[in-house]
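Undergrad: Below are the features I grabbed from Swiss-Prot:
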ACT_SITE  LYS159  active site, proton acceptor
BINDING   LYS161, ARG278, HIS310, SER347, GLY348, GLY349, GLN369, ALA370, GLY371, GLY372  substrate binding site
MOD_RES   LYS185  N6-carboxylysine
BINDING   LYS185, ASP187, GLU188  Mg(2+) binding site
ACT_SITE  HIS277  active site, proton acceptor
SITE      LYS317  site 'Transition state stabilizer'
Amino acid sequence: MVSSMKVEWYLDFVDLNYEPGRDELIVEYYFEPNGVSPEEAAGRIASESSIGTWTTLWKLPEMAKRSMAKVFYLEKHGEGYIAKIAYPLTLFEEGSLVQLFSAIAGNVFGMKALKNLRLLDFHPPYEYLRHFKGPQFGVKGIREFMGIKDRPLTATVPKPKMGWSVEEYAEIAYELWSGGIDLLKDDENFTSFPFNRFEERVKKLYRVRDRVEAETGETKEYLINITGPVNVMEKRAELVANEGGQYVMIDIVVAGWSALQYMREVTEDLGLAIHAHRAMHAAFTRNPKHGITMFALAKAARMIGVDQIHTGTAVGKMAGDYEEIKKINDFLLSKWEHIRPVFPVASGGLHPGLMPELIRLFGKDLVIQAGGGVMGHPDGPRAGAKALRDAIDAAIEGLDLEEKAKSSPELKKALDKWGYLKPK
């Protein structure tokens, strides 16, 4: 029994002298209290995300007592505070990102005692991490099946992102692949429509891919968007595998962790890599005071097992500064127990003139996706694709783009149009 007449017990979850055990999961939060002390606010986070309710209870089971989260670090940070909380693994189901996020990123975001709350990072111990497979291929595996050893992979999306018939899409794909693009990608909302059915597109595009591979001697792939209800995604993945595809693309945020974990199993059986699009992430990653960081999102996606994921560019049109993106990319490429490294994808407002700076900032282990910066070339998509490849080759070789453009009319026209513009 809890022999106390006190109503609230949030401070029972705060112990700044506590030393976390090696098998506890650590979560870092930024928060701003609303009418309560920082200690109480931190305790409320720990309580709500572990075993708590708003009041003291008549009885606590022994397991509940041992499962209480503990705030062990609390420091002022700007207008708010940083808290680090240790969670016993008894709180978490093995191998379930869904259950983990329901705890550490669930009801805590709705508490009135907090003006803002942001999940900055989480640190799973090996005892928890070992239940996750991570990527099936990762950077090394993708480089092997693509046959690309020492340069960034190139990707593009036919623009406009919607409105293409299957025949029109196939014609554009032929031009893009022939010009030097490695990966043709559907955009996030391009799935299956009366004017372009998935089943027709998948068959047509892989026939075009096979033709281009025979003509160029290069491996080409199609990041086809299979996103939909889980049963539909599974059927679409099977179609891709039957047509000889190597990749599927999933909008992982809108699909959700449960769907992604299921499709990780499906794609392993089918031998398919997962390209993770992050559409909708900014709804909770963009506000620096509230939500979940892109870093935490990328970490969770790596645990489940995506092979490549969009992270930003720092030089293009999408929000995200260099330090944030570099931190994410470095983590995705780092050694992490048995979990393979993941290819970061740079996309959004890229064109050939930005390649030297992009590669200088983030290195060669990168998928570079340029949509408008390829499709908007004055001489068409094939020329745009070649201009991008030539710009990347120049950057890898340490050549000035203006010098490279002397032997590449496609690159010269791209530079004449966009120069070194950074879109806003």
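The backbone N, Cα and C atoms fix where each Cβ goes, glycine too.
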Undergrad: Measuring Cα to Cα, tell me the gap between LYS159 (active site, proton acceptor) and GLY371 (substrate binding site) in whole angstrom.
TA: 6
Undergrad: What whole-number value in Å do you get for the largest C-alpha pair distance within LYS161, ARG278, HIS310, SER347, GLY348, GLY349, GLN369, ALA370, GLY371, GLY372, the residues recorded as binding substrate?
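TA: Site span for substrate, by Cα atoms: 19 Å.
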Undergrad: Which residues, in sequence order, are found in the same chain with Cβ within 8 Å of the centroid defined by the Cβ atoms of LYS185, ASP187, GLU188 at the Mg(2+) site, excluding those residues themselves?
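TA: Other same-chain residues with Cβ inside the cutoff are VAL157, LYS161, ASP186, ASN189, PHE190, LEU223, ASN225, MET249, HIS277.
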Undergrad: Where among the recorded positions LYS159, LYS161, HIS277, HIS310 do you find the Cβ with the fewest other Cβ atoms within 10 Å?
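TA: Result for the recorded positions LYS159, LYS161, HIS277, HIS310: minimum number of other Cβ atoms within 10 Å at LYS161.
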Undergrad: Count the Cβ atoms, other than its own, that fall within 10 Å of the Cβ of GLN369 (substrate binding site), considering every protein chain shown.
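TA: Looking across every protein chain shown, the total is 28.
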Undergrad: From the Cα of HIS310 (substrate binding site) across to the Cα of GLU188 (Mg(2+) binding site), what is the distance in angstrom?
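TA: Pair distance, Cα basis, whole Å: 12 Å.
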Undergrad: Out of LYS161, ASP187, HIS310, GLN369, GLY371, the binding-site residues in the record, which is closest to HIS277 (active site, proton acceptor) when you go by Cα distance?
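TA: Closest by Cα distance to HIS277 (active site, proton acceptor) among the binding-site residues LYS161, ASP187, HIS310, GLN369, GLY371: HIS310.
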Undergrad: Measuring Cα to Cα, how many Å separate GLN369 (substrate binding site) from LYS185 (N6-carboxylysine)?
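TA: Between the Cα atoms of GLN369 (substrate binding site) and LYS185 (N6-carboxylysine), the distance comes to 9 Å.
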Undergrad: Mind giving me a neighbour count for ASP187 (Mg(2+) binding site)? Other Cβ atoms within 10 Å of its Cβ, every protein chain shown.
TA: 19
